[in-house]
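Taken verbatim from Swiss-Prot:
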type    : residues      : note
BINDING : TRP83, ARG107 : hexadecanoate binding site
BINDING : TRP83, ARG107 : tetradecanoate binding site
MOD_RES : ALA2          : N-acetylalanine
Amino acid sequence: MAFDGAWKIDRNENYDKFMEKMGINVVKRKLAAHDNLKLIITQEGNKFTVKESSTFRNIEIVFELGVTFNYSLADGTELTGNWNLEGNKLVGKFQRVDNGKELNTVREIIGDEMVQTYVYEGVEAKRIFKKN
């Protein structure tokens, strides 16, 4: 699948405003903007494994398409939701455990980049990754 491989963060668009809307304090936002995030994504059928390493943490997330699971963001925000394939996009629909508000995420390959788009409370941000 096109998502398979090692990806390294290249740049962000509107990420600070997005994090602010999420309620992340200014110090954590400044650090997160330079988190040196790397993702290693592998897919076997409907099962995905995402190894995430950054300045903040190293974790492995395993999920199956369409199956609800729990996930914690780097700042500790707890989410529940699932990922699905919609055409060539990996679409995540999550809900914050603390306030019930939706956080939607889309991963798609555009050219030689993986673009991860987040939408929360009407604020959209993008994190753009290059193959490592």
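One-based numbering along the chain as shown.
Cβ atoms are placed via backbone N, Cα and C, with glycine included.
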Rounded inter-Cα distance in Å - TRP83 (hexadecanoate binding site), ALA2 (N-acetylalanine): 16
Chain-internal residues near ARG107 (hexadecanoate binding site), provided their CB is under 8 angstroms and they sit 6+ positions away: PHE3, LYS89, LEU90, GLY92, MET114, VAL115, GLN116, THR117
Where ARG107 (hexadecanoate binding site) falls in three-state DSSP terms: strand
Listed recorded positions (ALA2, TRP83), ranked by Cβ neighbours within 10 Å, top entry: TRP83
